[in-house]
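Novice: Before anything else, here's the structure in question.
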Amino acid sequence: MEHSKPSYYITTPIYYVNAKPHLGTAYSTVMADVQARFQRANAHDVKFLTGMDEHGEKVAEAAEKNGFDSPQAWCDSMEPKFRDLWETLNISNDDFIRTTQDRHTAGVQKFLQVLLDRGYIYKDSYDGWYCRPDETYFTETQVRHHEEERRAKGMDAADPEHPLCPDCDRPLERIQEESWFFKLSAFEQPLLDFYESHPDFIQPETRRNEVLSFVKGGLKDLSISRSTFDWGIQFPFDPKHVAYVWVDALINYLSAVGYGAEGQEAADEVAFRWPAQVHVVGKDIIRFHCVIWPALLMAAGLPLPERVFVHGFLTVRNEETGAAEKMSKSRGNAIAPEEVIELLGVDAYRYYFMCDVAHGTDAPISWGRMRQVYNADLANSWGNLVSRSLNMAGKYFDGCAPVRPANFEQATPLKEACEGIYERYAACMEAFDYSGAAQEVLAVVSAANHYIEDMAPWALAKDPERADELALVIWNLLEVIRIASELYAPFMPSVSAEVRRRLSLSQEATNNLAEACQWGGLAGGEPVEKGDPLFPRLVD
Ligand SMILES: [Zn+2]
């Protein structure tokens, strides 16, 4: 199959089926959506994948606890919660994978077979500590180290029969079972070499350093099968064992692009889509994506993804003390996506979380800040520019945009502000510096609002001899609005489409953003519509 455009394959984590989607899952998903929309506008053939992680003992337990006949029925009941929120938030995913789908089972089983054939997995008996809630094994050393840390902090010693989990501090169990192991230890040096030769593989830099020091601390072989429950994907060569949920989950990125399916078409799809350009993940799952996943791919002889972008957690700014606090039900400071959508609307929701919240670190949010950003950037700047400009165009030019004047290339502050804007914006977008990208657009929008004050079109309109000047001023404003609507579209797709509609332009997002940002694109002469305010001001 021929592809006219290069592939851009972007993924979110697949979300754990036992928890409803929340502000954090929405944060990852919108972040990936903005990049997907930008890359489509940037002439790529985008595949944007999200989905659900549905296996493991805890899922089977939740199904039973909630009175479902089967774990599958429980998972099916959760699916609409995710699909509905993504639809509400205008998420443009091209695929939605569930780890209980046949295509995924086939992908995981093929992957395990390849690992076996290439000699990277072996069966051994496992004797060690197990955290049932986390479905994770820990070595004696890890457990002892954690006990020492607790003692150093002056905490009580744990029951020696049940030391505490180094990850979640819940009691561990001693278990002995047969397990399949992945030779993770063999990849310590290959991983370090890879990080060295691919300095952009893990972003931002702080996360990269965290991974480097973890790997330098030594890697142990990883137990990748479970035989104490059966809600999982069977090992094709040892059906008593099911795949460890994390190994199962990571392989979704491959099974979604045809890995494991028969035939030439699937092989072509894998070749076209893999490796992925970027996995967007939260900081809590960095080791799985930056250590285990690349090691598994090396073992299977497959190329590694180009980049893992790691975002921090959302925290809540306590508006009395100013402190950033962890969001939690017990503190009573948890915020649901629906509440924010109700206040801001979908496009402003996306704008706030993407453009005002820093993505590389933990980022505090607050209701006060949401209102402030909404009123300043959207109501007073972008919305105001659109409404004033369209109003004047309608009033002074008989309901139409002025035709592009012959002297449209004449130097004006707006033409100057738009010079090189695509390059500056695109560099920020590629780096997930969405606030940097939005600042570029806002600078042009603010320049246009100042330009209105400076040029005073209402005064020009009173003097018939200055009609050409007036036409140039209004055309300049509408041209800036056209360009800004293209640049804002990944963040606020509905508002951008509406702005283009009011300008009688195609509502489809561009697939050539560089060209769309060239000065002079607006032919004019078509009807314009002032319409209702795009962002009605929020009053306290
Ligand atoms: Zn635990």
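Glycine is no exception: its Cβ is also placed from the backbone N, Cα and C atoms.
TrEMBL entries are annotated by machine, without manual review.
What TrEMBL records for this protein is below:
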BINDING   Cys131, Cys165, Cys168  Zn(2+) binding site
DOMAIN    8-389  domain 'Methionyl/Leucyl tRNA synthetase'
DOMAIN    413-538  domain 'Methionyl-tRNA synthetase anticodon-binding'
MOTIF     326-330  motif ''KMSKS' region'
Novice: Just to be sure I understand the packing, how many Cβ atoms besides its own are within 10 Å of the Cβ of Cys168 (Zn(2+) binding site)?
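Specialist: So the number of other Cβ atoms within 10 Å of Cys168 (Zn(2+) binding site) is 11.
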Novice: Taking a Cβ cut-off under 8 Å, which residues six or more beyond the ends of the motif ''KMSKS' region' (326-330) line up next to it in the same chain?
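Specialist: Contacts of the motif ''KMSKS' region' (326-330) (Cβ under 8 Å, skipping residues fewer than 6 from its ends): 23-24, 313-316.
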Novice: Using a Cβ cut-off under 8 Å and a sequence separation of 6 or more, which residues in the same chain sit near Cys165 (Zn(2+) binding site)?
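Specialist: Within the chain, Cys165 (Zn(2+) binding site) has Cβ neighbours under 8 Å at Cys131, Pro133, Asp134, Thr136, Phe138, His146, Pro171, Leu172.
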Novice: What does DSSP call Cys165 (Zn(2+) binding site) in the simple three-state scheme?
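Specialist: Where Cys165 (Zn(2+) binding site) sits, the three-state DSSP reduction gives coil.
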Novice: On average, what pLDDT score does this prediction assign to the domain 'Methionyl-tRNA synthetase anticodon-binding' (413-538)?
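Specialist: Within the domain 'Methionyl-tRNA synthetase anticodon-binding' (413-538), the model's average pLDDT equals 97.
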Novice: Excluding Cys131, Cys165, Cys168, please set out which residues of the same chain place their CB within 8 Å of the center of the CB atoms of the Zn(2+) site, keeping sequence order.
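Specialist: So the additional residues around the site are Pro133, Asp134, Thr136, Phe138, Leu164, Pro166, Asp167, Asp169, Arg170, Leu172.
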Novice: Reported in the order helix, strand, coil, what are the DSSP residue counts of the motif ''KMSKS' region' (326-330)?
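Specialist: Reading the DSSP string over the motif ''KMSKS' region' (326-330) gives 0 helix, 1 strand, 4 coil.
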Novice: For Cys131 (Zn(2+) binding site), just count the other CB atoms lying within 10 A of its CB, please.
Specialist: 20
Novice: With helix taken as DSSP H, G or I, strand as E or B and everything else coil, how many residues of the domain 'Methionyl-tRNA synthetase anticodon-binding' (413-538) land in each class?
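Specialist: With helix first, then strand, then coil, the domain 'Methionyl-tRNA synthetase anticodon-binding' (413-538) has 81 helix, 1 strand, 44 coil.
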